[in-house]
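> The structure's right below; bear with me while I get my questions together.
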Amino acid sequence: MNRLELRGIVKSFGGVRALKGVDAVIAAGRTLVLLGENGAGKSTLIKTLTGAVRPDEGEILIDGTPVVLRDPMHARALGITAVYQEPMIFPHLSVLENIFAGCEITDRFGRVQTEAMLRAVRPWLSSLDLAESLLHRPMADLGLGHQQLVLIAQALVQGARVIVFDEPTAILSRAETDRLVGIIHRLRDDGRAIVYITHRLEEVPRLGDHVTVLTDGRVTGDYAASEVTEDLLLRLMMGKRHDAGPEREAIRPSAAAGASSAPPVLSIRGLSHSRHFHDVDWDASGGRITGIYGLVGAGRSEVAMTVFGALRAASGRILLDGREIMPRSPAEAMALGIGYLPEDRKKQGIFAPMGLESNLTCTGLSRLSHGGWLLNFPAMLTETQAIMRRFAIKADTPGTAIGTLSGGNQQKGLFARWAGQTLRVLILDEPTRGIDLATKAEIHGFIRQLAQAGTAIVVITSDLAELMAVSQDVIVMRQGRVVDRFRGTAVTAERVLASAIGAATSSQEHAA
Amino acid sequence: MSGFRSGRILILGVFALLVLGGFAVGNPTILSADNVSSMAVFAVELGIIAFGQGLVIEGGDGAIDLSVGAISGLAQILTALFITHGLPWPVGIGIGILSGAAMGGCNAAAIARFRIPPIIATLGTMFAFTGLALIASEGNTIDLTAAPARFLAAGQGSVLGVPFQILCVYLPLLGVLVLVQHRSRFGRALYLAGTNATAAWLAGIHVKRLRAATYVLSGALSGLAGVIAAARLGTATPDGVPEANLISIAIVVLGGASIFGGDGSPVGTAIATIAIAVVNYGLNYNDFNPTLQAGMMGLILVLVVLVENLVRGHLPRLIAAARNRRKMA
Amino acid sequence: MKSSALNLGPAAPALHGPRRVPVAWRALLARRETALLGVIVLVVTAVSLGAHGGFWTRVNLDGLMVTCAITAVPAAGMTLVILTGGIDASIGSMLGLVSAIGGLLFVAGWPVAAVVPVFLLAGAALGWINGLIILCGRVPPIVCTLGTLSIFRMGVFLMMGSEWITALPPGLTRFFVADHLGPLPGAAVIALVIMAALAAFLRVHRTGRRLFAIGNNEEAARLVGIPVRRLRWMTYTILGACVGLGALMRLGQSPIVQTTTGSGFELGVIAAVVLGGTELSGGRGGMFGTFLGTLVVGLVGDAIVLMHIQPFWSGVVLGSIILASVGLNEGRRARQVVS
């Protein structure tokens with residue numbers, strides 16, 4: 001029986017169509033894997049399923065009956081719950097209270113009945129591998145993996161019949177992932193319908209009974225999990241714009257040759273942070289693009305932020321052109337010739353209500369002012385217009401608020417902030433996340449140009465296709481450590497992916 | 001957006017004229033040169049404090065300075081004590097401004113270094129500065145009528161027929177602040193930090209230092225306002241400029257700044273100061289009790305933010321919802 | 001995650017200290033309550049030695065307890081407000097306005113039994129208005145309540161002019177101050193009962209736990225279906241009712257209503273709550289801390305009177321205590337973020 005069915009779901013945000021007619025069927029006692037790249041519309045689809053977003057067109061059926069999900073509460077009342085990647089928690093409340101937040105068991109005076117809540121949750125504890133002693137600890141004491149389990153427990157005690165997992169393993173260790181997979185199988189065998197959203201191919205055969213591929217807001221494939229091969233899925237995920245070819249090939253030899261003997265511009269030696277990364281070594285050479293691959297939470301951004309002076313390392317050395325540096329703020333790092341394009345465009349990047357001019361010139365204010373303090377408006381305007389032309393940023397005027405532009409144009413603007421500076425090192429953290437493929441290719445072109453001009457470029461990415469497309473050297477990180485590195489031609493997508501998810505055990509240097 | 005909104009300024013101007021007109025119908029003498037001039041000098045002190053408050057609020061993340069009134073009081077008392085003890089008047093004025101800056105520095109340290117939420121930090125220093133002013137003055141006002149005439153001229157003199165503090169303090173200050181906020185790197189950085197502190201920090205802007213600087217500036221400006229008020233009235237009181245917290249925040253919000261930071265302009269603040277001063281003076285002139293005047297200020301503050309939120313937030317959403325509903329039907 | 005590790009300035013070292021091993025005594029020392037008890041012992045010792053026996057007299061202790069009670073009841077309500085991330089700076093004028101309304105009704109000859117509920121209802125209504133502006137009008141709490149601080153005061157003036165009301169029923173004084181239950185005057189008993197009730201409410205009642213949840217993570221609270229707006233609104237209303245009761249008790253202590261009644265009252269109450277360790281950002285704190293904070297505020301005022309220190313020092317001392325205690329706490333928490 002079909003527990004949940006989506007028919008022709010369409011959703012647009014401000015003229016951009018995120019979902020262009022999605023159909024999906026989720027049966028009780030089955031796991032549906034929804035596979036898609038970043039920006040394929042997965043997150044919009046989850047929000048639709050959980051009532052956080054209302055579709056413009058199409059219908060949702062539960063047990064064959066059409067329903068309109070008013071809000072997440074309503075969806076939950078109908079038995080649909082989502083477990084998000086980064087759990088929404090109440091850090092200072094106990095685990096038990098987190099499980100029962102919003103649906104506490106009380107007596108008729110409203111007094112919270114701890115014993116009754118313990119009784120209600122106890123049957124689920126063993127199937128979730130949760131110790132009962134954890135229940136009285138503050139939620140903040142738990143690691144992310146356990147916090148996710150707590151949220152699953154929350155879904156179970158509320159009688160969830162459809163559980164949506166949103167890329168749950170991205171931030172988990174290997175052991176935690178294995179445990180989670182086991183739990184998901186148990187939940188499925190228990191008769192619940194599972195929707196598992198991921199962009200990781202290798203999870204499909206482990207988890208799915210069925211796989212639906214989402215590309216650019218459309219379903220491009222729908223198969224039983226046993227029928228598919230990774231090649232097929234990759235092709236479907238890429239859509240028709242790419243063929244699968246470049247992903248599997250080695251890096252262009254022309255780019256890889258020669259320069260590898262030059263001393264690195266940026267060297268990191270034994271860099272450790274109390275929480276985020278341990279004993280990390282990176283090298284980035286001038287004129288080359290070094291790709292840093294790893295899953296979310298591997299500590300890549302944190303290392304970059306340390307180099308950029310936004311985090312402080314506990315130990316280790318950072319060398320720029322052989323000289324030891326330890327910037328204490330981004331301003332200091334910039335003065336040394338280091339640039340960093342942050343990962344989260346909205347939170348860390350743009351000044352949404354302010355004009356393009358303010359956004360594009362914010363890293364060069366000292367250069368663009370008289371005597372270092374009085375802004376030189378004509379120069380700022382000229383520079384803004386030059387940048388807009390050079391990077392083909394589509395906006396009416398230099399004064400147009402950047403928040404009103406498309407994600408791709410915003411991202412080009414953020415990239416352009418650094419392109420005008422004279423830099424020794426530029427670290428780009430997910431430079432093309434959530435933008436369309438044409439702009440992606442454009443930005444990749446700009447990155448190569450910058451590298452040819454001699455800057456050492458570091459590209460941090462979770463997008464394997466991007467890694468393979470731009471990088472000449474590759475460093476793979478997992479759980480705060482460097483697990484593999486490749487120089488020149490020897491890099492293959494399988495190898496990188498295997499290292500990143502911990503399938504390969506070796507950690508040797510692969511030289512050209 | 002950075003900069004001021006011309007629409008807001010127009011509305012404020014019309015509002016001020018209407019209020020003034022209303023008072024003038026009831027009591028035409030309010031428009032006499034003397035009265036207009038005393039309205040203006042009254043506005044100067046609040047206007048100067050509002051400039052400082054505006055800088056603080058533009059810094060973003062709920063920054064606010066509740067100690068401006070207390071700072072003006074303590075600065076006033078210190079200046080008066082130094083002058084009555086025979087120090088030259090320029091030193092006295094310098095003491096007033098510098099002590100204000102130092103008190104602002106205390107706020108800055110508490111907020112930037114010790115991470116105390118701005119509301120609590122400035123509430124604490126407000127207690128402390130008011131207490132110190134009362135201690136220093138032993139709870140009394142200090143008579144300054146015997147102070148050097150040149151000192152008193154700072155609040156009572158006139159140049160070319162215009163009150164001294166308007167021509168020689170307020171207008172130059174306005175000019176400098178317009179330059180600083182709209183033309184200088186500091187002003188641009190402050191807008192950026194107020195709009196998105198994380199992005200500003202990652203673009204190489206020292207957000208904490210900037211915010212700390214706004215508190216120091218706010219303190220110095222409050223000190224200056226206190227000194228001018230003392231010179232104008234010929235006495236220094238430990239209370240300083242009355243209702244300075246409420247009115248300065250009201251002026252800043254009325255002038256078009258967002259209470260959440262990253263927005264606002266000294267020009268808007270100046271025009272809002274005129275509007276508030278007209279209301280306040282008109283009430284004063286018609287013998288309204290100070291309590292009533294303050295009440296009206298409170299009413300204006302709440303109503304302005306309320307209406308602004310409704311217009312910016314609720315109404316567009318309601319309209320959009322209505323449009324959607326029509327489309328669906 | 002990442003954004004919380006990111007900090008905005010050169011004060012970064014505090015964030016990156018080594019992981020601390022929790023040691024039992026250190027944890028105990030680090031607790032706000034321990035520090036407050038220390039301050040209380042210190043002040044009591046100083047005042048016992050310095051006030052020539054003036055502290056341990058019946059009259060002084062009674063006066064101190066009633067004063068503390070008058071702060072404690074509104075502070076209990078304020079704890080709920082601050083726990084959910086709000087603040088109310090208007091309660092001084094609210095106390096004045098409630099006193100004026102009640103006082104005028106007394107003068108008009110209403111019986112005490114009829115006026116007492118009016119105090120509570122009028123307070124609740126004023127708190128409800130604050131909640132309306134803050135939660136429906138989306139006005140930041142500090143801006144709204146600074147405004148209503150002067151608006152309520154204007155209300156007092158409009159009702160009272162520059163008159164005084166002294167014709168208040170003597171029963172109030174008898175009940176709140178003169179009558180004792182054991183060693184405790186009536187006001188103190190009532191304050192203890194209310195604090196205990198609200199403490200229990202916060203600890204075991206569903207709604208109380210939900211207030212903590214809102215303060216912890218408002219967005220998540222909304223997602224799990226907690227009626228955030230209604231509950232936050234409720235806290236302002238409860239605070240209003242508490243202020244109404246505080247006004248009534250204050251009339252027992254000093255039976256007079258004038259235009260300035262209650263001005264500055266909000267500062268002592270906010271100080272007590274913040275001293276007690278309830279965090280302005282919400283989600284952590286509680287009633288026991290507020291109780292101790294109230295004692296500290298009351299003791300400091302009493303000590304200053306008894307030791308013949310200029311009363312102006314009370315502001316300086318209180319301000320410094322607030323800055324020191326919150327500053328130390330924030331610094332400690334910043335280090336904990338790492339581990």
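The backbone N, Cα and C atoms fix where each Cβ goes, glycine too.
According to TrEMBL, the protein has these features:
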TRANSMEM  B:36-56  transmembrane segment
TRANSMEM  B:63-83  transmembrane segment
TRANSMEM  B:89-112  transmembrane segment
TRANSMEM  B:119-137  transmembrane segment
TRANSMEM  B:157-180  transmembrane segment
TRANSMEM  B:189-207  transmembrane segment
TRANSMEM  B:213-234  transmembrane segment
TRANSMEM  B:246-279  transmembrane segment
TRANSMEM  B:291-311  transmembrane segment
> Do any residues, 6 or more residues outside the transmembrane segment (B:157-180), come within under 8 Å Cβ-to-Cβ of it, and if so which ones?
37, 40-41, 44, 47-48, 51, 186-187, 221, 224, 228, 232, 265-267, 270
> Is it the case that the transmembrane segment (B:213-234) and the transmembrane segment (B:119-137) touch, counting contact as three or more CB pairs under 8 Å in which the residues of each pair are 6 or more positions apart?
no
> For the transmembrane segment (B:36-56) and the transmembrane segment (B:119-137), does the number of C-beta pairs under 8 Å, pairs 6 or more apart in sequence, reach 3 or more?
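As far as Cβ distances go (cut-off 8 Å, pairs 6 or more apart), the transmembrane segment (B:36-56) and the transmembrane segment (B:119-137) do not touch.
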> Sort out for me which stretch, of B:63-83, B:119-137, B:189-207, B:246-279, has the most Cβ pairs below 8 angstroms to the transmembrane segment (B:89-112).
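Out of the listed stretches, B:63-83 contacts the transmembrane segment (B:89-112) most.
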> Six or more residues beyond either end and a Cβ under 8 Å away: which residues meet both conditions relative to the transmembrane segment (B:246-279)?
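For the transmembrane segment (B:246-279), the far contacts come to 1-5, 8-9, 12-13, 15-16, 19-20, 23, 39-40, 42-43, 46-47, 49-54, 57-64, 68, 174, 177-178, 181-182, 191-196, 294, 296-298, 300-301, 304-305, 308.
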